[in-house]
Amino acid sequence: STEKPGVPSSSSAAGLTWARVCKECGQQHEGQDSHLYEYQDEVDDELVCHICLQPLLKPMDTPCGHTYCFHCLSSFLKEQDFCPVDRQRLQLHQCRPSSLLVRNLLDKLTVLCPHYAECQQQMQRCELQPHLHNRCPVFRKLREEAERRKRPSWNELKGRKGDGESPGDAKHMPTLSRVAARDQAEPGLINPAYEESEDDNTPLRSSLVAEANVVELFREEPEEELGLRIVGGKDTPLGNIVIQEIVRDTLAARDGRLAPGDHILEVNDVSLASVPHSWAIAVLRRPCSLLRLTVMQEKGFKCRDPRPEHQPPLSTTSTASQPSHSLHGNTTSNHNPGTVIQVTLVKSQRTEPLGIKLIRKSDESGVFILDLLSGGLAAKDGKLRNNDKVLAINGHDLRHGTPESAAQIIQASEVRVNFVVMRHTETQEDGGSSGEGPQGRASRRAPEPQYFRRRSTYMKDPPGGFSSQEKTVSLKKEPRLSLGITIAGGRDCRSRLPVYITSVQPVGCLHRDGTIKTGDILLSINGVDLTQLTYNEAVSVLKTQTAQSQVVLRVIQTISEDPEDDSDAANKDELDAVENPRDDSLNWSPLWTRWLGLPSHMHWCRDIVLLKTNNESWGFSIVGGYEESHGQQPFFIKTIVPGTPAHFDGRLKCGDEIVAVNGATTVGMNNSSLIPMLKLQKNKVTLTVVSWPGSLV
């Protein structure tokens, strides 16, 4: 479309609804169709797709030198097997994203806001989506009208419980409530996050809102790592495939649209709705230039009190609508990472700088305040401080963001800029004042509250389908002959893992024996315990003991039941590569499921203290407890809700196992025991959790 200023837009607000409008381009089109833009100027033919005859969207280059929109080309190649221009043989996996130069030229094309008649704005194409969500009055009005219409009465919500869609159906809906998305009658599912206040004087919340979105990631190299840690699978209590963590400075982190807690429903049209963990990892690791993920993303609670005086002001998202009440307040607990504070800066005009320098840190993800410029707005206000961690700006979640994305949000803001920051207590910032060791060591220990603190004393069985077995190898060898293994882990690493074997080299004596495999966890060598050592301590002990002529090595191997061969999600070769890596493979890391069978005496745990006000939810849901089909299952975190205490605290992760609540073990509990325990905690709860790193893709 090439409508000029002054001409009413074809998608004017009349007759337009929030459900039907595209949240990226602002126009009405079918979900799988290309986005529509109204270009102000004529576009060079070199930047036009030869299929749709419109300026390129997500341009892809063919080996024969032609460029098409990704959607146009992928749709064409579903029916044909040749290039539309020269008819040379062509398959989609042979194509590559266009160069950064071409993509930048396309992003800079000038477009009109689809509501130009009312909005009177034009901008670069890459700026349209931020404009719609942050500045366009018509778009804001559509969203607010949808919010008002979506608030059902409490009785309606109670009556609808159990009548909803399954996640498989939910992905076809642009927006759906948690009541609809959650009610599959999953065994063992409880939702302490969603308990409602019965106090008539407090604003009540409706069910949780989630959206099914499609995220496309372009890789410069087909085997480039996405930077996602994954948990879940039908062979685990979680059931679904869930993103546990976004690794900083990776493709997913730079893209910024995926977040921890997102449930992955499909990958390049392959359903992950009911596949084992290893199958899902194999699909996600398939080399390809473009990865199309369909994900279910939590959007937070919606207030259901119709009285306007109780409603928080609408923002671009609900993630930061009321964080200051949830965790604000000083505490002396060593386990609490700090205090969450909300600060609003008001600019005299839109272009006034805030005077804040933002940085990233090498040892922790997220955005931090480095300095407040003297005389600047933030310095004059006095509420923000150096080293504050920025959790959100104007409702945009920045727990895993970058300084660049934070700066863009600030630049796109109006006169009011709302910050949600976490401030560590003085003892943590100073590294403690106990006098133990030199100051340098104390400073290095400052991040300790984020990580694991102690060996777990909570004895329990692993989840159904997971177990372990010990293996012992006794070797006579030449003193100078190497065992031929490489190791990783150690109790000083971020996840406090035991030491495990990452490769068995063909040149070593252990390879010839064949008993020890990649992924085995070291227990002892010649009677020397290895289970509680740091990485360097383990290396030192192994070198010393290997120098002897007799070596007795004890390891433990975790076992999971073979997944049923009832899915085409991944072929046998792919599964073998994931589950049984080559002995000499480099940079190998265990799947998340490998840790689930580990005996509990080898677990390390940590305490996480959450604070809230009386009418808030804790912000997480749980699966586990007693199930008829699997017996007693551990309790796992399945969902963390945006805008809640668990979300802003940042330490609790999907896939974490809750082994105790306020020091009382959860072993042997069923849902009817754990739910009241969590309900009784009005303002503070201490969760003792065991956390394993998700599988890296």
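Including glycine, each Cβ sits where the backbone N, Cα and C put it.
Going by TrEMBL, these are the annotated features:
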- 157-172: compositional bias 'Basic and acidic residues' (COMPBIAS)
- 313-337: compositional bias 'Polar residues' (COMPBIAS)
- 49-87: domain 'RING-type' (DOMAIN)
- 214-299: domain 'PDZ' (DOMAIN)
- 342-425: domain 'PDZ' (DOMAIN)
- 472-557: domain 'PDZ' (DOMAIN)
- 607-693: domain 'PDZ' (DOMAIN)
- 150-173: region 'Disordered' (REGION)
- 302-337: region 'Disordered' (REGION)
- 425-450: region 'Disordered' (REGION)
- Residues outside the domain 'RING-type' (49-87) whose C-beta sits under 8 Å from one of its C-beta atoms, at least 6 past its ends, are 32-35, 37, 39, 43, 94-99, 102-103, 106, 109, 216, 218, 289-290
- Maximum Cβ pairs under 8 Å to the domain 'PDZ' (472-557) among 214-299, 342-425, 607-693 is reached by 607-693
- Item | DSSP-derived helix, strand and coil totals, residue by residue, for the domain 'PDZ' (214-299) | 13 helix, 33 strand, 40 coil
- Pull the DSSP breakdown for the domain 'RING-type' (49-87) and write it out as helix, strand, coil residue counts. 10 helix, 8 strand, 21 coil
- Rounded mean pLDDT for the residues that make up the domain 'PDZ' (607-693): 83
- Go ahead and report the DSSP secondary structure tallies for the domain 'PDZ' (342-425): helix first, then strand, then coil. 15 helix, 30 strand, 39 coil
- Item | Number of helical, extended and coil residues in the domain 'PDZ' (472-557), per DSSP | 17 helix, 34 strand, 35 coil
